[in-house]
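So the structure is just underneath, and the comments pick up after that.
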Ligand code: SAH
């Protein structure tokens with residue numbers, strides 16, 4: 001009798017030989033697939049360019065491929081496109097898209113087009129999971145049931161579909177939608193590589209940001225593999241006890257470990273790290289909190305993005321502009337850049353921490 005693991009690996013091999021959805025495949029993966037069909041590597045390259053640089057949506061458009069190969073691709077792989085189930089436009093120009101991965105599966109996830117940045121910046125905020133397992137108290141995504149990781153194809157296709165619908169291209173991509181990117185590490189990195197590769201979508205690595213709530217083993221892996229992308233850490237509180245109150249992840253990876261990993265990122269990769277800090281009056285905006293945050297920021301090459309709270313759970317309220325100004329003033333002794341990330345799209349529940357599709 002076949003062992004269970006052999007059965008599983010045969011199953012995987014069969015699925016791979018069949019090709020599946022091609023949209024999340026890297027050049028290496030396409031090359032292996034085409035090689036198993038007895039095709040030359042340049043064919044993989046042609047498909048790769050067609051998928052991501054030319055953004056073909058049907059096999060007829062791949063005119064450089066022979067008829068037989070096109071037929072085989074058509075029969076055994078797919079060029080799936082995400083289904084848009086909802087599209088909302090904010091008065092401020094932000095647009096939110098709700099996608100469904102498989103028709104009728106009920107698994108929905110969201111992306112946000114944010115055109116209003118300084119200096120012509122146009123950002124797409126994309127999701128890495130359907131729901132999230134982390135349970136951050138201030139975040140609406142945490143209120144959804146967790147329904148799993150997105151595939152690389154579903155991550156890449158968020159960008160392709162949003163750009164096709166708005167008729168414009170993003171200058172920046174942030175993995176700050178639903179989910180924890182470090183919990184879906186390899187699909188996120190496969191997608192990021194496709195977004196970055198000049199032969200594919202071609203965005204500079206510095207224009208792609210991976211944001212984590214503080215999954216330290218993921219950060220360590222990111223450093224080890226020398227990923228070229230920006231890294232942002234959602235710090236949100238400057239001490240262990242307070243952080244534990246609002247973020248369950250503090251139980252698993254403590255703040256000192258997180259700070260060490262962040263410091264190592266800056267030292268080993270010689271790059272600046274971003275701390276994100278959602279400002280919640282009465283929770284993390286006191287004079288003492290500011291002092292502790294300054295102490296953390298002084299330890300390494302970093303910048304701080306402060307984000308006014310967008311949700312109102314537990315009776316919490318958005319900080320007033322005076323409160324925000326005062327908090328920022330108290331952070332100035334850190335001597336690092338501080339950016340107030342006004343998050344647009346609140347009227348369509350498209351701002352930071354508001355992505356929760358159905359709810
Ligand atoms: N899980 C990853 C990716 C999601 S990013 C992470 O935590 O980094 C979501 C960003 O929005 C985080 O920086 C988070 O701190 C911020 N955020 C979450 N809920 C928010 C809210 N209600 N108001 C403002 N910002 C929020």
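Just so you know, glycine gets a Cβ as well, placed from its N, Cα and C.
Here's what TrEMBL has on this protein:
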- 110: active site, proton acceptor (ACT_SITE)
- 118-347: domain 'Radical SAM core' (DOMAIN)
- 132, 136, 139: [4Fe-4S] cluster binding site (BINDING)
- 179, 180, 211, 234, 235, 236, 310: S-adenosyl-L-methionine binding site (BINDING)
- 352: active site, S-methylcysteine intermediate (ACT_SITE)
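Measuring Cα to Cα from residue 132 ([4Fe-4S] cluster binding site), the recorded positions that fall within 10 Å are 180, out of 180, 211, 235, 310, 352. Neighbour counts were taken as the number of other C-beta atoms within 10 angstroms of each residue's C-beta; across the recorded positions 132, 136, 139, 235, 352, the minimum falls on 136. Looking only at the binding-site residues 136, 139, 211, 236, the one with its C-alpha closest to the residue listed as 'active site, S-methylcysteine intermediate' is 139. One residue stands out among the binding-site residues 211, 236, 310 for having the most other Cβ atoms within 10 Å of its Cβ: 236. Cα to Cα, residue 136 ([4Fe-4S] cluster binding site) and the residue listed as 'active site, proton acceptor' are separated by 18 Å. Neighbour density for residue 110 (active site, proton acceptor): within 10 A of its CB lie 25 other CB atoms from the protein chains shown. For residue 234 (S-adenosyl-L-methionine binding site), the number of other Cβ atoms no farther than 10 Å from its own Cβ, over all displayed protein chains, is 25.
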